[in-house]
Each structure stands twice: as C-alpha cells, then as structure tokens.
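*Asks:* Below is a structure I'd like to ask you about.
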Amino acid sequence: MDRTRSMRFGDDEPEAKGNVTVVCRFRPLNQKEKDMNDKPCVDFGSDGKTVVVKSQYENQGPQTFNFDIVFNPDSTQNSVYEGAAKPIVNSVLEGFNGTVLTYGQTSSGKTHTMTGPDMDDINQKGIIPRMVKTVFSHIENCDDTLEFAVKVAYCEIYLEKIRDLLKPEKSNLKISEDKARGVYIVDLTEEYVSNEDEVYGLMKMGQKNREVGFTNMNEGSSRSHAIFSLTVSQTNTRDLSAKSGKLYLVDLAGSEKVGKTGAEGKRLDEAKNINKSLSTLGLVIFSLTDGKSTHVPYRDSKLTRVLQDSLGGNSKTMLIITCSPASYNEAETISTLRFGIRAKAVKNKPKVNKEYSVAELKLLLSQANELINKKDIRIIWLEKHFTEIGGTIPADIEGEELKEETLASTQEYHEVMGILESEKQKLVEEMELTASLKQDISNVSAKNTNLMRENENLNAQLMSLIFTMNEIEDKLSDSQEECLKAKAKGELQEKQIKVLEDSLKSQEKKIEEQNNEINRIPIDFIPIAEKEHLLKEIKELKTRYNLQEEILKASYTKIIDETNDSFKDKFTEKFSGNTPNFEEMARFFEIERENWTNEHKNLLSDLENKKTIIEELENDKEQSRLTYEALEKDKVENDQKLKDKVNNLGKILEQLTVSYQLLATKYHKSKSEIKIRENKLLQSKEKILKMNNYIRKQNEEINELKIKLEHLDEEQIEKNIDNAPKASHAKIKKSVKGGGNNARVMGLLFNKPGINKQTPN
C-alpha cells in the first residue's frame with residue numbers, strides 16, 4: 001500500500017440547506033517565518049474552493065481540502081467580507097439570526113479578519129466595521145414605512161468567565177435561556193445606537209478592555225474569546241408587522257502549543273483555558289455530525305453554551321478558518337482544515353423571527369370583521385332579491401343552520417378533547433412505565449456497581465494473598481539457602497573427620513614401625529638379669545602401647561615422626577659404643593617411658609577435644625536436617641493452601657463475571673425496551689400534536705363564528721389605523737434617558753440632521 005498517496009477531504013460532504021458555511025483564509029508569511037527562510041507548503045485550486053497541503057515529511061502525500069470559498073494570501077479585506085460575511089449580514093436584516101466566527105491557531109489572522117488593524121482605514125478595516133456600514137446603509141435605503149431599533153453588546157470569555165467589555169466592572173456574568181430569547185447572557189450591557197460612529201466608539205472602548213498579551217508567536221495575542229452582538233429590530237408602520245435578527249461576530253482566541261508560544265505563569269493558565277474551550281467546541285461539532293451521539297456537550301464550556309443557537313440551532317452560521325501557509329506550522333494548519341471540514345456537516349434550522357404586536361393583531365381582526373360585514377351586506381342583498389322574485393326564506397333557517405353548525409363543531413370539539421385526554425392518559429402511563437424502567441436500570445446499575453466493588457475487593461484480597469505467598473516463598477528461599485549452608489558445613493566437617501581418620505591410620509602405622517624398631521634392639525649384649533628385667537619392662541611397655549593404640553589414633557604425623565627421630569638419635573648416641581651401659585639404658589627407657597606417658601596424655605586430651613567437636617558438628621548437622629525437613633513440610637502445606645485459595649478466588653471471579661454479564665444483558669435489554677418506549681412516546685407526542693393542531697383549527701373556526709356574531713366599530717379601527725405615525729424616511733428607535741427618574745423614552749431618529757424626540761402616549 002502506497003503510504004504517500006494523496007488524500008482529499010470535503011468532496012463527499014452533502015450540500016444541505018441550513019448547513020454551516022465554511023470559508024478558509026490563508027495569510028501571507030509573517031516576518032518571523034521569513035527570517036527562518038520558511039517556504040509555503042500549500043497550493044490553491046483555480047476554482048477558488050480547493051487548497052492542497054504539501055507535506056514536508058517523506059511518508060505523507062499531499063492532502064486536498066474543499067470548502068465553500070478559499071481565500072489565498074493575496075485576498076483583500078473587502079473580498080473576504082463580500083464573499084463570506086455579507087450574506088450573513090443580509091440574512092440578519094431579513095429577520096434571521098446570524099453568526100460569523102473565526103477559528104485558527106494563534107497568529108493566523110483571526111482578529112485581523114474580524115476587526116482589522118485600523119477601523120478607520122477603508123482598505124484595512126475588517127468584517128465588523130464593514131458590517132456596521134452595511135446595516136446603516138440598508139436602513140437608509142429602506143422604505144419609509146419601516147422603523148428600526150439597533151443595539152449592540154460586546155463581551156469576552158476570559159479564563160471561563162464572561163466579562164462585559166462595555167462595562168468591565170461587570171464580570172463573571174451568568175448564562176440563561178428562555179423560549180422567547182433563547183440562550184442569552186444575563187445583565188449584559190446593550191447600547192442603542194443610531195449611526196456608525198456610535199458603534200465604532202463602543203467597539204474601540206471594548207477593544208481597549210480586551211485581554212491581550214505577548215507570546216513568541218504573536219506580540220498582541222488575544223487571550224480571550226470576544227463576542228460582538230448586534231440586534232436589528234424592524235417594524236412596518238403600515239401593517240404593524242415586526243421582525244428582528246441578531247448577529248453574533250465571534251473572534252475566537254487561537255489554539256496554542258506551549259512549545260512554540262513559550263507561555264509561562266499567567267499566559268500558561270490562559271492557554272490551558274483557551275485550548276480547553278476550543279476542544280469542547282470541537283467535541284460539540286463532532287457530536288452534531290457523527291450521527292451517533294445522543295448528547296451534545298454545550299454546557300461543558302461557556303463558549304459553546306453562548307453559541308448553542310449558532311451550532312445546530314436557529315441561526316445562519318459562517319465559519320472562517322484562518323491558517324498559516326508556512327511549513328513550520330504545517331501540523332496546526334492541517335488540524336484547522338480538518339476542523340473546518342467537520343464543521344461543514346453541522347446543520348442549523350434558521351427561521352425568521354417574526355413578532356406579532358398587539359396593533360398587528362388588532363389590524364388582522366379589523367380586516368376579518370370588514371370581510372364579514374361585506375359578506376353580511378351581500379347576504380342581505382341576496383335575500384332581498386330572492387324575496388322580490390317570489391322566493392320564501394324560513395325565519396330561523398340561518399339561526400338553525402348556525403346552531404347546527406355550532407353544535408356539530410362543539411361535538412367535534414368534545415370528541416377531540418376526549419381523544420386528547422385519552423392520549424394524555426396513555427402518555428402518562430408511558431411516562432410512568434419509562435420512569436419505572438429507568439428506576440430498574442438505576443437499581444441494576446447500583447447492583448452492578450456493588451458487584452464491581454466486591455470484585456475489586458476480591459481482587460485486592462487476591463493481590464494480598466499473592467503478596468503473602470511471595471513473602472513465604474522468599475522466606476522458604478532464605479531457609480533453603482541456610483539449609484544449603486548447613487549442608488556445606490556438614491560436608492566440610494565430614495571431610496575434616498576423614499582427614500583425622502587418615503591421620504589416625506598413619507599414626508597407627510608409625511607406632512607399629514616404632515615397635516618394630518624397639519624389637520630390633522640388640523638384646524644379646526645385655527646380661528640375663530637385666531635382660532629379663534628389660535624384657536619385662538619392654539613387655540609392659542608393649543602392653544601399654546597396645547592399650548593406648550585406639551586412643552593414639554588421633555595423634556599427628558609430625559609428633560610421631562619427631563618422637564621416632566628423637567628416639568633413634570638418642571638411642572644411637574647412647575649405644576653407639578661396643579660396651580653398652582645397661583643402667584643408662586634403663587634410665588633412658590624410664591625417661592622415654594615418662595615422655596611417652598606425657599605424650600599419651602596430650603594425645604588423649606586432643607582426641608577428646610576432636611571428639612567433642614565432631615559430636616557438636618554432628619548435632620548441628622542433625623538440627624539443620626530437621627529444620628530443613630520442617631521448612632520443606634511447611635512449604636508444601638502453604639503451597640497447597642495458596643493453591644486452594646487461588647482456585648476458590650478464581651471460581652468466585654468466574655461467578656462474578658457470569659453475574660456481571662447477566663446484569664449487562666439485562667441492562668442492554670432494558671435500554672432497548674426504553675428506546676422502544678421512547679419511540680412509542682414520540683409517536684404519541686406526534687399524535688397529540690396532530691390532535692392539538694386539529695383542535696386549534698376547530699377553535700379558529702369557532703372564533704370566526706364568534707367574530708361573525710360580534711359587531712365591532714369598523715370606523716374606530718380605521719381611525720386607529722389612520723392615526724398611526726408616518727414618516728417620510730426609515731427611522732431608528734433609540735433609547736434615550738430623560739427626566740430625574742431616568743425614565744426611558746422611545747424617540748425617533750430621522751436619517752436627517754437633528755433628532756426628533758416623541759413621548760409615547
């Protein structure tokens with residue numbers, strides 16, 4: 001799949017009456033972008049409706065966007081106004097509500113488009129000043145039977161608080177809604193104006209009170225959303241009809257990336273609130289266009305709440321998206337263009353705001369009575385003519401027919417009322433059933449919440465058990481290490497014992513060799529008596545040696561070697577002559593015997609010490625073995641217990657899952673039933689609406705009959721109409737203050753030099 005293929009947006013968007021109109025405007029490269037040697041990354045189609053973004057990234061192809069109008073960087077302020085905003089202004093003058101709002105990243109030209117750098121410069125002034133001129137030019141050119149009242153208001157949304165820019169001391173204003181006015185801002189200052197200069201003066205005062213600040217992207221960045229509203233009310237003095245239109249001109253604050261703007265402290269808080277409100281605006285547009293959302297989050301932001309009628313309501317809306325052509329801002333530009341494509345799909349329901357005044361209703365009544373009188377005169381003439389040609393008119397025919405017609409209408413009225421009452425009763429039952437289903441859903445949701453909490457508790461217990469099991473495994477691991485150390489120590493002790501046994505065997509061997517040496521002593525040279533005595537002693541020594549053999553097993557090789565060498569040296573030294581001295585030999589043997597006795601004792605003591613050490617080592621080894629066996633046994637038992645607990649928890653979790661699925665199924669089923677009930681309720685409402693229309697028609701017929709029976713003074717009505725004020729030019733109602741009680745007087749301002757004030761009767 002080719003990842004660099006071009007993409008196209010907006011081609012398949014259906015054109016529907018009342019859709020939001022979206023135009024796109026690109027500004028020229030600014031000085032900062034020129035200093036960076038940045039290049040434009042966009043191309044414009046020859047049809048004036050297409051823009052192509054050429055990505056600077058290799059893995060992305062060109063992206064094409066289609067809008068109602070696309071203005072390139074060479075477009076003038078006048079061309080933008082004529083093509084984008086003027087149609088909305090004309091609709092407002094026809095009695096529609098209208099909205100023009102600008103959207104785009106910071107420093108993309110929103111405020112430049114709405115107000116312009118200089119309102120007094122004919123070429124540089126923006127949409128709002130041009131709109132004001134259009135309104136008053138229209139008033140000047142209107143028929144002299146039209147009377148106008150124009151009032152303006154100016155506010156900003158700063159840090160999610162609404163502030164009156166004409167009276168800055170009014171801050172944190174509230175938003176309200178009613179059927180007559182729709183969504184409106186409570187206690188917002190509205191000033192009546194009579195000419196362009198007054199509007200410009202109020203605009204300049206409001207702009208001075210706006211929150212602006214320096215960022216890395218824009219030296220005079222707007223830190224708030226500004227909303228300028230203009231209401232035009234017009235009354236026809238000929239037929240007393242009235243209608244009004246309200247125009248919102250919205251200069252949105254720009255979306256910001258902190259990395260580019262370098263916002264800190266207060267500027268960072270402002271950026272957060274700006275981006276939050278713009279995100280909510282995007283969510284509202286998404287909810288209006290995705291076809292699935294049942295809730296539109298107008299109330300999540302002050303901006304979307306104020307613009308509720310402009311987005312999906314009673315208004316003709318124009319969105320102007322402003323973009324930078326620089327590749328440095330490519331990501332923000334694409335995001336803005338996608339926002340515009342999404343906004344194109346929003347559908348509004350604009351209608352003329354027609355108002356019926358009391359005078360207009362009286363005029364309609366007068367016209368109806370005039371028509372009835374003409375018909376009565378014709379009926380009298382026809383009756384007279386019928387009588388003249390010989391016809392007979394029953395005396396009560398008109399009364400009887402009228403009575404029958406009235407009775408039939410009354411019966412139909414009662415039948416309709418009965419049907420209406422029946423439908424209302426059904427509606428009440430449906431509402432009760434809906435409330436019951438909602439209560440059931442609420443109960444199921446509560447149970448579901450409780451089950452989820454229990455599930456969370458069980459999961460917590462399971463995690464605690466797993467943690468405990470890990471601790472036990474750690475302890476078992478430590479115990480195993482201790483057992484291994486004890487085992488290694490036992491093996492070392494066994495090696496030491498083996499070394500001692502080898503040493504003992506070597507000692508025995510050396511003792512045997514010593515005995516053999518003693519047996520090789522030349523006894524033939526000793527006299528018989530001494531020989532026997534010596535043999536006896538030698539025998540005793542042998543006996544002693546034999547008795548001490550087992551004890552001397554632990555003696556060291558070094559001691560035996562030294563003893564044998566010493567004995568040999570001494571014996572050789574003593575008896576190296578030819579004539580041995582037996583007494584010296586006897587003493588020598590006695591000394592040697594004592595030495596052997598001492599050595600025997602020392603060896604015995606060493607042997608006892610070694611034996612004690614060996615016994616202690618054996619005891620330690622046995623104790624370590626018992627400890628290891630006990631730990632192994634505990635580990636097996638604990639492993640089994642943990643496995644049992646884990647299995648039990650797994651079964652409980654499975655049961656909870658099944659219960660949750662059952663509850664979820666019931667919930668979805670209940671939701672489907674509620675939807676069915678709501679559809680039935682909607683059908684019932686439609687039936688009731690039809691019945692109400694039918695009843696209204698019946699009432700109108702009854703009223704016509706009543707009007708026919710009444711005799712009003714036609715001359716008085718005509719006199720009231722003739723006395724209605726007339727003027728030779730279009731007029732603007734302006735509220736002026738007079739007198740000490742600040743009473744409000746409605747005056748008439750002619751479009752000529754001077755003001756004529758007229759006090760109402």
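Any Cβ shown, glycine's included, is placed from N, Cα and C.
Just so you know, TrEMBL annotations are computer predictions that nobody has curated.
Since we're looking at a predicted model, the values are computed, not measured.
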*Asks:* If you look at how TrEMBL annotates this chain, which of 16-43, 380-407, 688-715 comes out as coiled coil?
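*Replies:* Coiled coil, as annotated by TrEMBL, spans 688-715.
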*Asks:* As a test of reading the model: what is the averaged pLDDT for the coiled coil (688-715)?
*Replies:* 65
*Asks:* Among Thr106, Ser108, Thr111, all listed as binding-site residues, which has the most CB atoms within 10 Å of its CB?
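*Replies:* Buried the deepest by this measure is Ser108.
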*Asks:* Among the binding-site residues Gly104, Gly109, point out the residue whose Cβ has the most other Cβ atoms within 10 Å, with all shown protein chains included in the count.
*Replies:* Gly104
*Asks:* Using DSSP and three states only, what is Ser108 (ATP binding site)?
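*Replies:* The three-state answer is coil.
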